[in-house]
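Input: a single structure, listed below in structure tokens.
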Amino acid sequence: MSEKLDKLKELQEELSKKVKVVPLSHFPRLVGGADVSYPEPSSALGVIVIYDLKTRKVLEEVFAVEKVSFPYIPGFLSFRETPVLKKAFVRLKNIPEVLMVDGQGILHPRGLGLASHLGLELSIPTIGVAKKPLLGQFEPPEDKPGAFSPIFVQGEIKGAVLRTRKGVKPVYVSPGHLIDLDSALKVVKASLSGYRIPEPLRKAHLLTQRLRRECCDYPGWGHRQQGRGENP
DNA sequence: GCGACAG
DNA sequence: ATCTTGTCGC
């Protein structure tokens, strides 16, 4: 009954070999934020927001709805959320230099968290920013914004616990694809704006929740651009 | 065997 | 993730 997962585990191990952990060549200006909500148990709503680090404003927002085709199983989140996020991604006019994803990167049992899997399929740099730990050994970081401590997995540093705000629970950062931990931390820190969640992801999450209730599904859906209030 | 376990 | 209001504290 669970040989299916064994098959997927092999796939993850195979794909993880293709993940590149390297420093980002240039500091990014356009940072994306990707998140998913569920208007109903059978459908997923994916959102990607493009945030301009220079102007500190949202440049573009896109979303997509897709039937859920996989259950939530810790360690296999990417098979559930990657489809709808890819669908939303192709609707972007502006391609982000790096995409922050709500979930783990290489800090995963088989080195292929949602951020890594998505980055691999999109061939763009991605960063995993999770609100809870999935695995690893670490010490709590100091209660000061920007403070962080490494997360070890079998003696190797795979990510970091980052304090984004004083007196608030930290977030778990790890490289997704085409980026390393140092670059990832720099980007996440530069994307903070006083809240626990970095701005690109926070904006994506807010939109994901707003659209979830605004009843969905009708022609003309899927695209939102700066300035204009609604859909083209 | 038991507990943990991203969203 | 989702079901859900008020309340305590910086």
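Just so you know, glycine gets a Cβ as well, placed from its N, Cα and C.
The following features are taken from TrEMBL:
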{"type": "BINDING", "residues": "A:ASP35, A:ASP102", "note": "Mg(2+) binding site"}
{"type": "SITE", "residues": "A:TYR72", "note": "site 'Interaction with target DNA'"}
> What number of additional C-beta atoms lies within 10 angstroms of the C-beta atom of A:ASP102 (Mg(2+) binding site)?
Replying inline: 23
>> Return only the integer: C-alpha distance in Å from A:ASP102 (Mg(2+) binding site) to A:TYR72 (site 'Interaction with target DNA').
In response: 14
> Out of A:ASP35, A:TYR72, which has the highest number of nearby Cβ atoms, where nearby means within 10 Å of its Cβ, if these are the recorded positions?
Replying inline: A:ASP35
